[in-house]
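One structure is given below, encoded as structure tokens.
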Amino acid sequence: MRLDRLTSKFQLALADAQSLALGRDNQFIEPLHLMSALLNQDGGTVRPLLTSAGINVARLRSDIEQALGRLPQVEGTGGDVQPSNELVRVLNLCDKLAQKRSDKFISSELFVLAVLEDRGTLTDMLKAAGATVAIIDKAIETMRGGDKVDDQGAEDQRQALKKFTIDLTERAEQGKLDPVIGRDEEIRRTIQVLQRRTKNNPVLIGEPGVGKTAIVEGLAQRIVNGEVPEGLKHKRVLSLDMGSLIAGAKYRGEFEERLKGVLNDLSKQEGSVILFIDELHTMVGAGKGDGAMDAGNMLKPALARGELHCVGATTLDEYRQYIEKDAALERRFQKVYVAEPTVEDTIAILRGLKERYELHHHVQITDPAIVAAATLSHRYISDRQLPDKAIDLIDEAGSSIRMQMDSKPESLDRLERRIIQLKLEQQALKKESDDASKKRLEMLNTELEQKEREYSELEEEWKAEKASLTGTQNIKTELEQAKITLEQARRVGDLARMSELQYGTIPELEKQLAAATALEGKTMKLLRNRVTEIEVAEVLARWTGIPVSRMLKSERDKLLRMEQDLHQRVIGQDEAVEAVSNAIRRSRAGLSDPNRPIGSFLFLGPTGVGKTELCKALATFLFDSDDAMVRIDMSEFMEKHSVSRLVGAPPGYVGYEEGGYLTEAVRRRPYSVILLDEVEKAHPDVFNILLQVLDDGRLTDGQGRTVDFRNTVVIMTSNLGSDLIQEHFGQMNYSEMKTVVMDVVSHHFRPEFINRIDEVVVFHPLGRAHLASIANIQLERLYKRLEERGYEVKITQPALEFLGEAGFDPVYGARPLKRAIQQEIENPLAQQILSGKLIPGIPVTLDVENGHIIAKQ
């Protein structure tokens, strides 16, 4: 008999049988070896065949293993094994059976039939396990479905639907699918398209995360519950698993063979199956090699003839990129657009999913948490879609509470650390013999006893609370299972089981759950098992860096005294500090316009008066770091062509992939202070970009992504009108000076730009009185640097006044002061430190002598 007439699976099994015989030192390959190999083969057909025929496979395996152990072992043959006469006879019988069935190739299931028609040890074992020729013959007919074995890969194509699809209706029956809330319009539209005579293939298109897959799951649940028109009743929804279809298809044509097997199986089902292809665009080009046909082209004939009932799902971008390019494939599908649900719909969806997440995380999700998840995610996460982002928020909040429940409470942890500390001290004191140590040891023992008693009481309480939570969880799991069983009983019409569950089991479990939950609420001291809006806000704050969590009293106090904090760094600019503080307070109190930035300001004034310093102080106040400020020097954007660097180069230009200078910074940190320094030096086209930011709080970058600026503070600084400020300082009050400066500003900037800014703030020139305070701030930084090297420095009042005089320049503001400190203090100090005149550890005093500042110890 020619071995190339065996199917590829049968050939592999024969090779495995040879390896088995070699490994066991048997001289011949017996039918037992081949049967063992066939039963252990991955993706083989013999094991499923025997199982479907009702044969006891476990017993058969055990008998074969024992028989193999009894076979004679021969050593020193040098790895030479031959097929036994019995195996050759059985294989010839297989050939005869294949010819009788008009098969071109011999498939592995015929081996079972041949063994039963033969006589031998294996025949007796099969019969003992319950196999007969008639039973196996019938099982083979059922499995083949009337097909002939016409090619070597025929066995791989068999049961293709079972191998390469997931039965969603079966999962719906078992209650494994999440409930689908709302989306009635989309499900109805999908059913409507499926009911058509031709082109009855809907494709669900929408943004990622809006619930396209959920709609198909909802359809499967409706079919199971019988809530569909007559034409769709008793149909099955199968989801095509593209991963397993492509995985392992090493040779050319293997993928097409598998897909053909799926399509053949579908055509045999005669319209009783709806095939769901998630990520439909993956079918276009899938399996396409040199001259090979891709999956999309193989689907076209089946779709056109109506043999294939298909539901696709893909995103808008991928539909445009892949499906629309292939007009022949596109016309065979009917589009069903899935829009993002509203916040109200999302709240309803979350309420429906609540029980599943409570069961998974073993927590209780409150209704305010659900409302907060929908509203906060809608407002603060702009680059993702509802309901996906809201579900993720609830999921992660539940996960964080579960983590806290599983770890030791903080109070217990603190006590444990204290006990360890006391025990260490006790061991040390035991070695001492003086009276003071003995007295301390007695006190220590008393404290240790008390702490250990406290610890054991707390631990008992913690364990009791955990046990109570576990009990509640078990009741919830039982209740969920009872509801699923009730649904299954309703479908099959088992009235006795339904009444037992509906009027007996479920009410009893609900009563137990209510009692356990009430008890839980009274007794819980150490553990938290409730997800509230606070946890949801904390998760969102961790994701985005935007502080949306409820303000603690300490933060409220901090916001109320914000001006004092900012004045510690910015001297003398009361109007500017007040304007910025009010904007931040409005935002944190939730009163600011949700569609605009927190605040947008134009700071005007001479150089060196604190415009940039105020931005740094604000960034430090909000984020505890100067680095949280996005600083863009607008003098870099003087040319027209450099404007595109802010939002990123357009498609086709170099640097398109890199994104924009401004947009990327804000996309990564949506909550930040943006400083546009020296804004009047920028090209006028820059202001066209800024109009969108200041008015709508959004900007579209070069790649078409919308960047959210609603949680940023936009500050622009400019020197416009600084000469007028210098000129009229002291002669005019603040409002008059602002009017004069605004005349200059309105000539330089367009009205629509000025109109969108929240406030234009004019900074005053600095007076002599201000410079002494600024000198103190600058010197504090110097003192810190010297402290690190072991020097303690103080300055006398005359020296401070001398510095103020030396650094005063009404034109240049506070910057000359920095130079004065460098020349008068830092330079002499550096020389004295290096020459060894100043000794670390001895205080240093800075004083004035002969018109110079000197350091004395």
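Backbone N, Cα and C atoms are what each Cβ position is placed from, and that goes for glycine too.
Quick look at what Swiss-Prot annotates:
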DOMAIN    3-146  domain 'Clp R'
REGION    83-146  region 'Repeat 2'
COILED    404-492  coiled coil
REGION    555-765  region 'NBD2'
BINDING   GLY605, PRO606, THR607, GLY608, VAL609, GLY610, LYS611, THR612  ATP 2 binding site
REGION    766-857  region 'C-terminal'
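Residue counts for the region 'Repeat 2' (83-146) under DSSP (helix as H, G, I; strand as E, B; rest coil) come to 45 helix, 2 strand, 17 coil. Contacts of GLY610 (ATP 2 binding site) defined by a Cβ separation under 8 A and a same-chain sequence distance of 6+ are given as VAL570, ILE571, GLY572, GLN573, ALA576, PHE763, GLY813, ALA814, in order along the sequence.
The binding-site residues in question are GLY605, PRO606, and the one with the fewest Cβ neighbours inside 10 Å is PRO606. VAL609 (ATP 2 binding site): 26 other CB atoms within 10 A of its CB, across all protein chains. Non-local neighbourhood of THR607 (ATP 2 binding site): ASN719, SER722, TYR812, GLY813, ARG815, each in the same chain, at least six residues away, with C-beta under 8 Å from its C-beta. Taking the mean position of the Cβ atoms of GLY605, PRO606, THR607, GLY608, VAL609, GLY610, LYS611, THR612 as the ATP 2 site, the remaining residues of that chain whose Cβ falls within 8 Å of it are PHE603, GLU613, THR717, PHE763, GLY813, ALA814. Under DSSP, LYS611 (ATP 2 binding site) is assigned to a helix (H, G or I) in the three-state scheme.
Around the Cβ of THR612 (ATP 2 binding site), the number of neighbouring Cβ atoms within 10 Å comes to 18. Across the domain 'Clp R' (3-146), mean pLDDT in this model comes to 82. For GLY608 (ATP 2 binding site), other Cβ atoms within 10 Å of its Cβ number 21. Secondary structure of the region 'C-terminal' (766-857), assigned with DSSP and counted as helix (H, G, I), strand (E, B) and coil, comes to 51 helix, 14 strand, 27 coil.
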